[in-house]
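Participant: Sharing the feature lines straight out of TrEMBL:
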{"type": "TRANSMEM", "residues": "B:28-47", "note": "transmembrane segment"}
{"type": "TRANSMEM", "residues": "B:81-110", "note": "transmembrane segment"}
{"type": "DOMAIN", "residues": "B:85-291", "note": "domain 'ABC transmembrane type-1'"}
{"type": "TRANSMEM", "residues": "B:122-142", "note": "transmembrane segment"}
{"type": "TRANSMEM", "residues": "B:168-189", "note": "transmembrane segment"}
{"type": "TRANSMEM", "residues": "B:210-232", "note": "transmembrane segment"}
{"type": "TRANSMEM", "residues": "B:275-292", "note": "transmembrane segment"}
Amino acid sequence: MRKLVTSVLAGIGLTLACGTSVYAQEKELTIFWAEWDPANYLQELVNDYTAETGVKVTVQTTPWPDFQTKAFTEFNAHGDAYDMVVGDSQWLGAGSTQGHYVDLTDFFNKHKLGDVMAPATVKYYAEYPGGSGKYWAIPLEGDAIGWSYRKDWFEDPKEKEAFKAKYNYDLDVPKTYAQLRDIAEFFHRPDQKRYGVAIYTDNSYDAMAMGVESAIFSYGGDLGDYATYKVDGITNSKEAAAGLDMYKELYKFTPPGWGKTFFVEDNQAITGGLAAMSMNFFAFFPPLVNKATNPFADATGFFANPAGPDGKRFAALGGQGISIVSYSKNQEEATKFLEWFIKDETQKKWADLGGYTCSQAVLKSEAFQNATPYNKAFYDTMFMVKDFWATPEYAEVLDQLNQNIYPFVVGGKGTAQEALDKTAAEWKATFTKYNRYK
Amino acid sequence: MASVALTHLDPASRAAARGWSDLTIRNLFIIPTLVFLIIFNIFPLIYSLGYSFTNFAANRSEPWQFVGLQNYRELLSDDHIWSNFIITAKYVIVSVAGQMIVGFGLALLLNRSFPMKGLITTLLLLPMMMSAAVVGLFWQLLYSPSWGPINYVFGLGDFAWLSNPDSALYAVAITDIWMWSPFVMLLSLAGLSAVPQHLYEAAAIDRAGWWYTFTRITLPLVSPILLIALIFRTMEAFKTFDIAYTMTTQPTAELIAIRLYKQAFQQWDTGKSCALAYIVLIMVLAITNLYVKYLNKVKER
C-alpha cells in the first residue's frame, strides 16, 4: 500500500514538474554577441537566470568579422531573431536613430545606473547622442586597449644593465610612449627571432583604428568634436599627427609580416615568445595567464596604455552594452532579464566568471582588482578611455580613416600629417553629405 | 518555337520510356526552373538597377530619394574607385596570364601516355576543388615571413609577401594561379586530345620541326577551347573576392569586389553599391563580348 501511494505521489510530482518546466520553456530569450570567451561566460551566467525563473536564455554568437554585418542585416530586415544584442559602442548612433534599439532612458534613471556603472562606460556604451541623457544600452562588458609584456625579459639583470647604458634610465614598465618605443627598439633583435612590440594593423574593421587612436589620444590629439562634427584642425592637429607618427615608429619594431594583425596575432606574439610587449584588448588577456595556452604564463605581466609627452593618458575603448532590439516580441521579458542582470550579486558573479563588469562597486573592490594579474591595469584604464565616432555613418568614417592611415603606417607612404589632412577632408565631406552641419 | 520543341519528345529517351508527356516535363522541370530563375536572379537584377538610381541605404529607415545618375557620376569621378579598378586590371592580367601559361604547359606535358597518368592528372586537379577561403588561409601561412616554407625554400629571408604593399597583390595572384591553373589544364587537355593524330603523322612525314608543328597544328586547333578557358578565368578573376579578402588587407590589393563588399555591407550605402555593381557588370560584359567576337573569328578559320 505504502509503495503504491509513494509511486502515485511520485507520478503526480513528476507530472507537475514536467508540466511546469514545459510551461516555463515556452518563454525564451536570445542574446546575440560575437564569438569569444566572454560570450561563453555570459551563457554560464544566464543559466542561473534560467534556474531562478525558468526562462531559457540563449547566447547566440558569430565570428567577429561577421558580427556587425550579421547584426545589421537582421536589424535592417526588422527581424525578431534576437531579443537583445550586445552591440559595439560605435553602433549606438545607428541603433538609436534608425529605431533598432529600444529607448532605455526610463529604465536607466529608475535604477540610477548613471551612478552604479563606471562613468566612461555610461558615456560610451549607453548614451547617445553624447550628453543628451538618452540611454539605449546597459553597460555589459567593459573593455579597452592594454598591454602585456615579458616580465622575465624586463627583469633580467643583464638586460637592465645594457638598457641603462644605452638609454640612461632604468628598464621598467613604460610610463610614456617614448619609453615604450625605446624598449621596443631595445628588444628588437631579428637575428635572434625576438622582436620589440606587437601592435594592431588589420584594417578590415576597427583593429588598426583602435591602436592608432590610443596613441593619438595620449598625444593630446582627438578624432574630432563629436558634438559639432568639427574635424578641421582637430583630426589633423599637430598632436594627432605626432601620435600617428609614434604608431608608425612602433611598427618598425614588430615581427616580420605584421601587416594584418588583430587580437589573435598579438596574443601569439606573446605565447610564441616573439615580442617583448603586445597590445591587445583586455578581454583577450585570460588565455595569457593560462599555462595551457601560454607557455610563458608565469612570465607575462600587464600594464595600462602609457602617457604621451604631456602626461595625457588615454586608451581606446572596446567593450559593449546590451540593448533590447525593438523588433523583438519579448521586450517585457527582456526588461525583466536586464533588471536581474544589473543586480549587484549578478554583477559580482559576472566578474567572477571572467566577464569585465562595469559596476563601480565591483570594480573598486579589492577582491576584483587582485583576482587576476591584469584586473588592476583594467581598473586603471577604465577611467581614462575615449572612443571612436558613434555616428550612424561610423562605418564609412572608419573606412576612410583606414584607407588613409594604413598606407602610411604599414606601407610607409607619405607623412602622418598628409594622412590626417586627407582623413579630415574626407570626413568633412561625409558629414556634409549626412547633413551633420546644421 | 518552344511549342514545336515540346511536341517532339525523343521516343528513345528515358522520360518517354516512363511514359511522361511533354506537359509533365514542362510542369515538373521547366516551369520551376524558370520561376526560380526569375525570382532569385532576374527580379533582384532589375530591382537593384532601380536602387542604383536612388540614395537608398538598407540600414536607414528614412525614405529614399531618386537621385538620377548621381551615384554613377560620383563613382566614376572617385579616385579611390579608379585605383581599385587599376588594381583589379593588374590582378586579372597577371593571374589569368599565369594560369594560361601554367595550365596549358601542364596539359602539353600530360598529353602523352606514361605510367600513372590518371593519378597524376587527378592530383593536379586538387587545388581547384578546395574552398577559396581555405586556400587563402593556407597560403597566408605559406607566405609567413617567420616560419613560412616559401621564403625558406627560395632563401628570401624574412621578405613579407603580404605586408609589403608592392608585393601583396602579386602574392594573391600567385595563389590564384596555383588554384585555377588546373582548370585551364583540364580544358586544354580536352582540346589537345581532340587534335586528330593523322595531322601529326603527316607533319612528321614532312619532317616538320617541333615548333612548327606546335604553332601550325596544335595551337590553331586548341585555340577555341583555350579562348573559352580564357573567358571563364577572366570573368572569375575580375570578381575575385574570397582569396584576396582572407589573405591581405593591403589597400594596394583591394580588388573592386572587396570595395563593393565594404560599400554594401559595412557602410550600407546600398544605392551606390548597386551602381558600382552595375559598372562592374558592364565592364565584364564588354570584355567577354570582345572575347566572344574573337572566338567566333577563330572558329571560322
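Including glycine, each Cβ sits where the backbone N, Cα and C put it.
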Participant: Find the member of B:122-142, B:168-189, B:275-292 that has more C-beta pairs under 8 Å to the transmembrane segment (B:81-110) than any other listed stretch.
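Facilitator: Of the candidates B:122-142, B:168-189, B:275-292, B:168-189 scores highest.
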Participant: Sort out for me which stretch, of B:28-47, B:122-142, B:168-189, B:210-232, has the most Cβ pairs below 8 angstroms to the transmembrane segment (B:275-292).
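Facilitator: Per the Cβ count, the answer is B:210-232.
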Participant: Against which stretches of its own chain does the transmembrane segment (B:168-189) lie, if we need a Cβ under 8 Å and a gap of at least six residues from its ends?
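Facilitator: Residues 87, 90-91, 94-95, 98-100, 102-104, 106-108, 110-111, 121, 124-128, 130, 132, 135-136, 139, 143, 161-162, 222, 225-226, 228-229, 232-233, 236-237, 240, 243-244, 247-248, 250, 252-253.
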Participant: Report, as numbers and ranges, every residue of the chain located at least six residues beyond the transmembrane segment (B:210-232) whose Cβ falls under 8 Å of a Cβ in that stretch; write 'none' if there are none.
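Facilitator: Same-chain residues near the transmembrane segment (B:210-232) but 6 or more away: 96, 100, 103-104, 183-184, 187-188, 190-192, 194-195, 199-200, 203, 288, 291-292, 294-295, 298-299, 301.
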